[in-house]
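The block underneath contains the structure these notes are about, expressed in structure tokens.
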Amino acid sequence: MKRIPDYFRRLHAPEMSFSISVAILVFGFALVSPAVLIGDGAYYFAVLESLASRGEPSIPNPPGGPETPMVIISGDGKTYAIHFWAYSLLSVPFYLLLDGFGLALGKAFQLLNAALLVLAVHYIFFGSPFRRPAKWLLALGFLSSTGLYYLGWPHPELFSAVALLISAGSLVARKHRLAAFCAAVASLQNPSAVFFILPVLVGALYEHFSKRGGKLPIKKIGFDFFTIGLAASPFCLPYLWSIVKFGTPNPIVANGYIDYGNISVSRLVSLIFDFNQGLIVGMPMVLAIAPFLLLARIRTTVSGRQRFLVRNDLLPLGFLLMAIPVLAQNNFNSDQANFMRYAAWLGVVLLVWVAAEVGRAMEASWPSFVIPALVLQLAVFVWAGGPFVPKHSSYVENKPWVEALWVVNPKLYTPLPEIFYERTLGFELPRTSQLLDSGAAFRGPDGSPLKILTRASNLEEAVGQLCGPQNVDALVDRNLRSGIEFLRAEKGFAYLLGEFTCGGGFPKFFSGTVPGPKDPLFATTAPFGEGWSRLESWGTWSAGHRSEIVFPNSVWRGTKAMTLRGIAFVSEGHSSQSIEVRLNGKIIDRFRVDFPNDSVVREILIPENLSVLGEARISLWLPDAVSPESLGLSSDGRDLAIGIVSLELADEPR
């Protein structure tokens with residue numbers, strides 16, 4: 001009897017059965033789940049439609065209008081998305097297939113993601129160099145993190161993640177040309193992935209060095225580097241395209257989405273360890289196993305069995321090289337599924353490192369720490385909702401363990417200012433927002449502020465901002481004696497940690513509170529009349545096309561200035577909100593908020609002579625109110641226009 005080829009024997013293996021099951025599940029999910037075009041997805045889809053119908057990637061009618069920074073105009077006057085079009089191009093076959101069957105065309109990205117996920121699982125089981133237990137660890141770890149969290153997204157996170165997974169596995173297997181090619185492919189949509197080519201080159205150099213007893217054959221190395229460079233050459237495509245079309249190598253940089261001043265150690269730490277959205281949330285298995293692997297490494301090094309640094313450590317080096325330029329993103333923490341999208345594709349390299357090290361060590365004790373770590377990740381995955389994890393603005397809230405930590409001790413976790421601000425107030429800051437200047441606060445169960453974010457250089461300045469200029473020295477002393485800690489953060493911000501007080505009560509004014517008649521957010525009572533939605537932790541949304549605020553006659557003496565701080569409901573698909581302010585029927589102000597800026601900081605003069613019997617009935621007329629549901633952003637059916645974070649009433653304009 002002839003020997004059965006190895007590949008066909010694998011068809012009956014558990015790995016093949018698992019791979020087929022994954023394929024059925026992910027393609028089924030892609031077909032039955034609704035098409036979602038969130039964040040940059042609207043632009044990727046516009047490019048996809050253009051490629052499928054006209055064979056070229058220009059978008060004559062961009063979703064956010066021709067003025068949005070998400071597009072750029074070429075020398076011939078055509079409009080293009082600032083992102084390269086490789087991801088949209090790969091989606092064209094799925095778009096045409098859906099079109100032929102009369103199905104929702106927006107599912108093209110989900111079908112492509114499903115195909116990429118199937119490719120990743122097949123590679124792990126039948127193409128990667130790892131031992132069998134390590135393959136299962138890698139497959140389950142990838143599926144329960146980046147793989148299924150980002151399956152439904154119209155963004156290229158999964159595209160780059162799968163390419164990097166194969167690249168990292170190929171580096172471990174010493175297939176340097178394939179590793180370089182896959183890293184270059186990943187960089188087509190996430191340019192920072194190109195830096196993974198450097199560890200690939202180091203790996204090739206190390207291979208020559210170790211095989212020849214420390215000698216370096218220059219000709220052989222030169223040939224290998226040349227062929228690796230050819231394999232990596234696709235990374236040039238976006239830059240050549242942009243130079244020819246737009247006269248700049250990187251439209252994302254040209255349109256202001258990159259600020260290299262953002263790069264800092266605190267951001268790198270946040271990328272990995274932030275309790276709300278870091279790698280520790282999306283891939284807890286990696287950070288749970290890593291300490292045990294390092295301890296095992298130290299033990300074998302001390303015993304003389306191996307050097308401390310080994311070839312597999314090129315993977316964490318590659319992670320670091322890719323992560324540093326990612327930190328420059330102005331939208332560093334925006335738009336994510338359970339954990340940061342940049343961590344989602346970057347972290348795959350560390351996931352491969354863990355699998356490689358577990359497979360290499362394979363000590364008898366490894367199940368005692370690997371299995372609990374995997375169970376932890378699967379538990380978080382199930383808790384978060386897997387592929388059904390809420391998307392876009394609904395993710396902007398503190399994880400439950402974060403608020404529990406802060407109630408116990410607000411010093412236990414201190415995030416980057418923008419993360420604290422967004423998740424305390426409950427909405428995502430746009431790239432150009434100035435609302436951050438007003439600060440934010442997290443309150444304990446009794447309403448006392450336990451963690452305050454403010455722009456202040458010292459405690460005295462912070463007390464003056466929050467409590468007013470009177471008795472600053474006494475209040476500083478009082479708060480210091482009560483254990484208040486002043487902690488500097490990035491970009492001129494600082495935290496006040498502990499139960500802060502202004503002597504007679506809580507601070508009179510800061511954001512991050514629920515508007516209401518008795519809330520110290522207001523200088524006076526300000527009952528909300530008709531046209532407002534339910535109160536939320538950050539404030540309240542307008543509901544409908546008209547909303548009222550009524551100041552009673554007890555506070556109405558003389559001309560007033562009302563400072564309104566809030567957020568306008570604008571997006572790529574609904575790029576502006578017009579607001580008309582009327583006082584007792586008379587128009588006193590008009591303004592408009594245009595995407596991508598959604599912050600509102602408006603001082604409105606309220607003349608005394610327009611009051612009626614001392615009452616000021618302020619009406620906000622909101623002709624552009626629209627529901628998130630109608631835009632395909634969420635299932636929220638409320639017609640939203642403006643969210644009020646805070647109001648402040650002063651006797652005269654400042």
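Using the three backbone atoms N, Cα and C, a Cβ is placed for every residue, glycine included.
Annotated features in TrEMBL:
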- 20-46: transmembrane segment (TRANSMEM)
- 80-98: transmembrane segment (TRANSMEM)
- 110-128: transmembrane segment (TRANSMEM)
- 158-173: transmembrane segment (TRANSMEM)
- 221-241: transmembrane segment (TRANSMEM)
- 275-296: transmembrane segment (TRANSMEM)
- 308-327: transmembrane segment (TRANSMEM)
- 339-356: transmembrane segment (TRANSMEM)
- 368-389: transmembrane segment (TRANSMEM)
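Under the criterion of 3 or more C-beta pairs below 8 Å, with sequence separation of 6 or more, the transmembrane segment (221-241) and the transmembrane segment (20-46) do not qualify as touching, having fewer than 3 such pairs. Residues of the same chain lying 6 or more positions beyond the ends of the transmembrane segment (20-46) and with a Cβ under 8 Å from any Cβ of it are 59, 61-64, 70-71, 81, 83, 87-88, 91, 103-111, 113-114, 117-118, 121, 143, 148, 151-156, 334-335, 387, 391-392, 572-573, 632-633.
Outside the transmembrane segment (158-173), and at least 6 residues removed from its termini, the chain residues within Cβ reach (under 8 Å) are 86-87, 90, 112-113, 116-117, 119-120, 123-124, 127-130, 142, 146-147, 150-151, 179-183, 185-187, 189-190, 193, 196, 199-200, 203, 311-312, 314-315, 318, 344-346, 348-349, 351-353, 356.
For the transmembrane segment (308-327), the most Cβ-contacting stretch among 275-296, 339-356, 368-389 is 339-356 (pairs under 8 Å).
Residues 141, 145-146, 149, 333, 336, 338-340, 343-344, 346-347, 350-351, 354, 357-358, 361, 363, 369-370, 372-374, 376-377, 380, 398-399, 401-402, 405, 413, 415, 419, 423 of the same chain lie 6 or more positions beyond the ends of the transmembrane segment (275-296) yet place their CB under 8 Å from a CB of it.
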